[in-house]
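Quick paste from TrEMBL:
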| type | residues | note |
| --- | --- | --- |
| TRANSMEM | A:24-52 | transmembrane segment |
| TRANSMEM | A:58-82 | transmembrane segment |
| TRANSMEM | A:130-152 | transmembrane segment |
| TRANSMEM | A:158-176 | transmembrane segment |
| TRANSMEM | A:188-221 | transmembrane segment |
């Protein structure tokens, strides 16, 4: 979707494709898990195409597998989807998309596309990173979902291949440039700490959201009068 | 279940779209942009933490220290050594897979 500026893909595009491949492979687990939970192949593929946000999808089929109601499955999925609304606040001015393209951008607004976008310093690269990661994850995730739904977990447990380690490493690498700033580093560390403390106490989805709210409130309250230090709209390092 | 499934998909899309419906004038405000950037860093940091030590597929339940933590530490070391992105990702995968091959995590 973004205009190609040269023959070689930019760093942001390469990162996006790698993230897409690593995340997409998990689709095979999702597809297998969803069918095992009792959903049909069509329902499973519909979740990956239409919901397209991994945490929510795993939450939905998790509730179904445990024999929960459709209402609680829907509520669980929505709770895990709340963070995408916050991502949109940052990616929207960045992309400046209108009309159908804006709807496409919204559908592609997930952890991976946002992380690749904010990892870049230059506005054009941020846009290219968002679209590359979003489209790569969408392609891989949906293809692998279908494969997993039809074949079961053909790869075996993806953890055996270290796929979860790859995902954690990728997100850390994408966050890394932002963590150069002391304030962002403090917010990130506080959010991580609060999230871990909340893991045993709160339902899925809540630790990440609550931790982010706490960390940002602390950061904003500690600096009551920001003067000209805030990032420019859609530009500059965040 | 199909009805609930479609409703859940619609709810998730509405949440994604919500951020895009906030007027550009609001998002263009320096304080708002600053806060949105901090929220993103906080969310992704919390996500990394929960994905690394959270138990269960959706990261709920208990704190588990296993191969994922080793992978994250190895990735951080690679980043400190200024390794390129792809190398960092491969180090994370290799350390997690290696730990498990050795019977831990």
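Cβ coordinates come from backbone N, Cα and C, glycine included.
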What stretch in A:24-52, A:58-82, A:130-152, A:158-176 has the biggest tally of Cβ pairs under 8 Å against the transmembrane segment (A:188-221)?
A:58-82
May I ask which of the stretches A:58-82, A:130-152, A:158-176 has the most CB pairs under 8 A with the transmembrane segment (A:24-52)?
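Out of the listed stretches, A:130-152 contacts the transmembrane segment (A:24-52) most.
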Who are the chain neighbours of the transmembrane segment (A:58-82) in space, where the CB to CB distance is under 8 Å and they lie at least 6 residues beyond its ends?
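Apart from its flanks, the transmembrane segment (A:58-82) reaches 30, 33-34, 36-39, 44, 47, 51, 203-206, 209.
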